[in-house]
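Structure record follows, encoded as structure tokens.
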Amino acid sequence: MGDVTDLKNKGNAALQKNNIKEAISLYSQAIGIDSKNHVLYSNRSAAYAKQKKYVEALEDAEKVIQLKPEWPKGYSRKGSALEFLNRFEEAKLAYEEGLKYDSDNEQLKQGIKQCNQHLTGPAGSQPINPFSNLDELKRKLKLHPKTSKYFEDQSYEQMLQELNEQPTLLASKLNDPRLQNTLSVLIGVDLDMSGANGDEPMESEEAPPAPKSETPPPSKEKPSHEQESLEEKGLGNAAYKKKDFESALAHYDKASKLDPTNMAFLTNKAAVYFEQNELEKCREVCHKAIEVGREHRAGYALIAKAFARIGNSYMREKNYASAKQFFDKSLAEQRTKDVLAKAQQCEKAMAEAERLAYINPELSLEEKKKGNDFYNAGKYPEALKCYNEAIKRNPDNATLYSNRAACYMKLLEFRLALKDCDECVQKDPNFIKGHIRKGGALEAMKEFSRAVDAYQKALEVDPNNSEATDGCRRCLHVSLHFALSPIWRQFCKSQ
């Protein structure tokens, strides 16, 4: 343990000197020795954030919460990392969760205020930022003939970076023709209303000269194969609603053959497989849909929908880790409350599964024996650590809470001892030692009336228990002494 403390202190010193890589290395070495130390993950999370590795900072913050869910600092770290990732709704939820454990924490309150400044969408939601996924956005813009030339000017990439970090700047930059064309490419709508800004037209082919006839040009109609594909899609949707899945699949397949560039037909087909519980087929079609969408520059919402459907398929199989991975990918494309809620549901399910997988009564018994040996040797902090581990390994064993309460009593942590005693007698109301230790904790806190109640509960279990009888007598004696003291002093003055 001394090595861990030494490494942690060296890491803190390195972080203060802004030697971030060294600090991360030292914290990682300490974690290698003591992987259950929540403070080490918290410190490394702060170091990762300084290094602008916000995903790693978030992972460490979540580990802190997993190891010590009642420690508000973990939620502060998580909220901060999520803020840096521009995930303000999730950040606010993290800060609010932390306030449940420390309602007066100013850092958490300030975090919520900062998030609210960004949650300006409907019902306090986070506005959609078309510049959120910067890497994918640049890839798309470099491939498009209308925007590829802008990358020759470094100021263009700088503008994209600024909008990624501060989407509120969008309104102030709308006069820049480059931004107008960028948004046109991203959302598929031509925003150029001036007609005289010198930019290239959207179409790659030259437009034919306008006819001199006064007859207005005919309106553009979709090519016949596209129109037919949409009709087939409509027939597929109607069959899907009637749960005629085989007909729906046939119509969606025909639509895809008529227009292989439209990924929506594939995501609809995946929805049919999902309803049929053909989950592997559902995922295969979704992956194909994403490839088609990427190739033909589909909107972010369609890509997000395909990722979310893959996540739903894994969630149905209770494969929460894979589901969370694809829900996160969906959120990176487009943030929706439904997918966000499912991602958080997966996080909770994964944490619960990890907790249950950790349970092992045999290992718990070993830790209990170690704790008893340390306790008998007067090494109470070491005993406490063993009892903590024993409880994690077997949280339903009432005896373990009683033993840890005895340890807390020796360390003069009477309120924590009382809390463990309450947990003990709740799990096993007939465990007499739990009632006796509860009485002892209350007696140490000078709450003699409540202590008497605890000792009497013990006597209900075993009327002949001498410890409970002596405890009752002691508390009643002290209570009587305090009650008679004013009368005795008055009697002495009158003599």
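Positions of Cβ are set from backbone N, Cα and C atoms, glycine also.
Listed in TrEMBL:
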REPEAT    4-37  repeat 'TPR'
REPEAT    38-71  repeat 'TPR'
DOMAIN    136-188  domain 'STI1/HOP DP'
REGION    192-236  region 'Disordered'
COMPBIAS  208-218  compositional bias 'Pro residues'
COMPBIAS  219-234  compositional bias 'Basic and acidic residues'
REPEAT    229-262  repeat 'TPR'
REPEAT    304-337  repeat 'TPR'
REPEAT    364-397  repeat 'TPR'
REPEAT    432-465  repeat 'TPR'
Review point. How many helix, strand and coil residues does the repeat 'TPR' (304-337) contain under DSSP?
Key: 28 helix, 0 strand, 6 coil
**Study point:** Average pLDDT across the domain 'STI1/HOP DP' (136-188), rounded to a whole number
**Key:** 78
Review point. Counting only residues 6+ away from its ends, which parts of the chain sit with a Cβ under 8 Å from the repeat 'TPR' (432-465)?
Key: 398-399, 401-402, 405-406, 409, 414-415, 417-418, 421-422, 424-425, 471-472, 474-476, 478-479
**Study point:** Outside the repeat 'TPR' (38-71), six or more residues from its ends: residues with CB under 8 Å to it
**Key:** 4, 8, 11-12, 15, 18, 20-21, 23-24, 27-28, 30-31, 77-78, 80-82, 84-85, 101, 347, 351, 354
Study note, to complete from the structure: DSSP assigns the residues of the repeat 'TPR' (4-37) as 27 helix, 0 strand, 7 coil
Check your understanding: For the repeat 'TPR' (364-397), what does DSSP give as the number of helix, strand and coil residues?
Key -> 27 helix, 0 strand, 7 coil
